[in-house]
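A.B. asks: Summarising the annotation, TrEMBL assigns region 'Disordered' to 1-27. The annotation compositional bias 'Basic and acidic residues' is assigned in TrEMBL to 1-11. As annotated by TrEMBL, transmembrane segment applies to 89-107, 166-187, 224-246, 297-319, 439-461, 473-492, 513-532, 544-565, 585-607, 680-702. If you look up TrEMBL, you'll see 93-322, 438-705 marked as domain 'Ion transport'.
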Amino acid sequence: MEEEAGTEREPLLSGRTAGRGHPPRGTFGASDCHDPAAFCTVQDAAGADHDLYINQAVVFIEDAIQYRSINHRVDSKSLWLYRWYYSKICQWVLSLTITLILALAFIETPSSLTITSDIRYRGTAWEPPCGLTESIELICFLVFIADVSVKSYLIGWEEFRKTKWLLAYILILVLSLIDWTVSLSFYCTETVRIRRILRPFFLLQNSSMMKKTLKCVNSTLPEMASVVLLLAVHLCLFTMFGMLLFARSKDKQQDKEWVGYFHNLPDSLTSLLVLLTTANNPDVMIPAYSKNRAYSIFFILFTVLGNLFLMNLLTAIIYNQFRGYLLKSVQSSLLRRRLGIRAAFEVLCSLKESPVSTNELCVNANTLLQVLPKVEMDSCCKQAILRTVRSCPHGILSAALFQKLFDELDKDPVKQHPPKPEYQSPFLQKVQFAFGHRFFGYLGNIVALANIVSICVILVMDADKQLSERDDYFLGAINCFFILYYLLEMLLKILAMGFKRYLSYPSNRFDGLLTLILLVLEISTFAVYGFPHPGWRPEMMGLLSLWDMVRLVNMLIVFRFLRIIPNMKFMALVASTLLDLVKNLRAFAGLLVVVFYAFAMTGIVLFKGAVVPMGNMSVVNATSGNSTLKCGTYEQLEYWPNNFDDFAAAVVTLWDVMVVNNWQVFLDAFSRYSSPWSKVYFVAWWLISSVIWVNLFVALLLENFIHKWDRHSHRQSLSEIEYQTTVELMFRDVLEEPTEEELMEKLHQHPHLQLCR
């Protein structure tokens with residue numbers, strides 16, 4: 001049920017209760033294995049035991065469906081608690097609680113409830129009274145205490161002691177409650193709240209995929225450390241070379257490089273570190289390059305070795321480590337699913353209602369028919385399995401056939417579209433053929449393209465005109481014409497395809513919804529401002545001005561042009577790959593949220609109120625007192641909204657640093673406003689976010705695209721056409737099925753159970 005960050009234990013079969021009453025070929029508890037009374041007849045597995053075994057099989061199959069561990073208690077009360085814990089409402093409450101406690105950062109002190117984060121114009125933010133957010137926190141903590149208690153009980157004490165994540169869960173809760181108590185003791189006036197930095201752990205521990213990803217990142221660190229060490233050596237060597245090359249001289253005019261970038265060791269390291277990201281290129285080179293063109297060799301050589309070689313080598317190492325990561329994850333999921341199905345088979349083996357003249361273990365089909373209706377699973381998949389079970393010869397299922405039944409879980413059947421309406425009239429049949437043909441769809445794409453082009457032409461013509469000089473007549477008339485065409489196209493498609501078949505296509509639902517919205521907006525525009533005519537430029541008469549209404553219509557028209565994507569083969573492939581990436585990379589996005597949250601909270605503790613406005617300043621050559629602001633500084637660029645005075649502003653500031661464009665401005669500003677040691681914080685953030693996470697994302701992006709394009713280049717067999725390409729099917733040709741011996745070995749390793757065969 002719970003996955004270890006270090007040594008993951010695969011799920012195993014049940015405890016003693018599962019074994020009591022089983023026949024010799026079934027499953028037994030460790031104490032029952034040598035008890036002669038345990039070798040009971042099939043008739044002994046009746047009544048309450050019969051219901052227990054059925055419920056065990058139901059839970060094991062549900063574990064297999066969800067790729068969950070089966071290493072949990074399986075007595076009647078525990079099974080009820082287990083299914084209740086994994087019910088949709090309980091998991092929804094847990095997810096809502098995690099979201100709620102993370103979202104508190106936006107409203108608690110310092111609150112982010114202001115229109116702007118610019119410290120020059122920011123108003124006084126609403127601050128919640130002491131005890132409000134703390135009460136919400138306490139409710140969340142109580143939910144987490146219940147969560148960890150249920151998890152700990154279900155897996156048992158022996159497994160609980162080995163599960164580091166649960167131990168860390170309890171430790172984080174204890175620290176958070178202590179810090180919460182301290183806050184109330186000081187009437188919420190304390191400045192440092194440790195529990196805020198610990199909050200992301202609740203999100204992390206609730207996702208098994210995020211734990212796996214963190215484990216893989218941890219395994220990659222040794223290889224990454226070697227390249228980072230090379231980068232450090234590279235940076236230090238060139239820093240010493242730079243300080244020697246650009247040492248101070250007697251000519252002050254020729255010391256601009258020394259004054260600006262190589263004044264001392266910290267400044268030299270910072271300048272070259274920023275150059276490693278090319279953020280200050282060519283600014284850092286210009287003073288020396290102006291003096292002598294030969295100095296450019298130093299900077300070019302540093303950039304080539306550091307940025308082009310070492311940084312890309314780091315990407316290659318991360319890709320090499322994660323090459324096949326998705327395959328390994330799917331392989332692990334396959335083993336977990338096969339193990340869950342085999343556990344259900346072992347339980348049901350003891351419930352054979354008719355003897356079979358064979359020594360091979362088997363399950364009665366009627367027994368499985370009692371189990372499947374109770375299993376929470378996709379209805380289409382359940383019906384397919386039920387049909388196969390009912391048609392099973394002799395009503396007997398072997399272990400291999402039992403496993404094969406649940407291959408349906410890996411398939412995602414393509415939705416069958418309703419049939420077209422059958423018209424008797426020859427005219428309607430011709431209309432149906434004409435407007436149901438794919439060429440009619442191509443015509444719609446051409447018209448949509450023409451609409452986009454016409455909007456672009458008018459916008460270019462009106463770009464330099466004043467608002468009073470702009471005439472909305474042409475744009476309004478064009479929009480009216482194209483919206484009427486879109487409406488006619490939608491109606492003709494419904495006539496040709498039928499309403500149900502029309503709605504069965506996502507592209508049609510997309511077109512139809514936008515067409516109806518455009519129609520409503522156009523009718524609203526005509527009702528307020530009348531029909532388009534020359535000089536159609538009235539004053540604002542309603543909620544929106546005429547220009548705002550026209551702009552809104554045009555934005556929706558541009559958005560509607562996305563309908564062309566499914567009709568372009570390679571563009572559709574790229575779009576579908578991106579959608580797959582969104583599904584497969586949710587764990588990495590979650591890790592990024594965790595890191596963002598922790599660093600934002602840390603930044604608030606370190607730099608809240610550090611940046612102080614200097615008064616009104618012009619954008620260029622602004623002065624403060626008798627001094628002129630240096631070009632390219634935090635103050636001259638007016639980066640005042642980028643600060644750590646509240647959570648929302650901190651997140652945006654971290655994002656700007658992660659992009660590394662002009663991140664040297666933040667290094668310089670916060671070192672002046674707070675402490676030179678603030679550079680350690682920003683460099684650490686750059687390493688974790690931009691170097692590690694972004695390269696990890698690129699590696700997984702390549703991995704997904706390679707698999708998608710490789711399989712797209714091969715023609716699908718006829719048996720695959722009726723199924724969508726799920727992740728499991730995509731890797732089916734390279735996955736290794738777990739052997740009988742491997743499955744039984746996993747079951748025998750359970751600390752509370754021994755199989756008596």
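Keep in mind that glycine also has a Cβ here, set from the backbone N, Cα and C atoms.
Relative to the rest of the structure, where do these features sit?
C.D. replies: For the transmembrane segment (89-107), the residues of the chain that approach it from at least six positions outside its boundaries are 113, 126, 128, 133, 136-137, 139-140, 143-144, 147, 196, 199-200, 202-203, 206, 597, 600-601, 647-648, judged by C-beta separation under 8 angstroms.
Within its own chain, the transmembrane segment (166-187) is flanked in space by residues 2, 130-131, 134, 137-138, 141, 144-145, 148, 151-152, 155, 160, 193-195, 198-199, 201-202, 205, which lie at least six positions past its ends and keep a Cβ under 8 Å from the stretch.
Under 8 Å from some Cβ of the transmembrane segment (224-246) lie the Cβ atoms of residues 257-258, 261-262, 265, 268-269, 271-273, 276, 288, 295, 298, 302, 305-306, 310-311, 313-314, 317-318, 687, 691-692, all in the same chain and six or more residues away from its ends.
For the transmembrane segment (439-461), the residues of the chain that approach it from at least six positions outside its boundaries are 474-475, 478, 482, 485, 489, 492-493, 496, 554, 557-558, 560-561, 563-564, 567, judged by C-beta separation under 8 angstroms.
Taking Cβ pairs closer than 8 Å, the transmembrane segment (585-607) reaches residues 102, 105, 110, 191-192, 196-197, 199-201, 203-204, 207, 209-210, 212-214, 217, 643-647, 650-651, 653-655, 670, 673-674, 678, 681, 685, 688-689, 693, 696-697, 700 in its own chain, all 6 or more past its ends.
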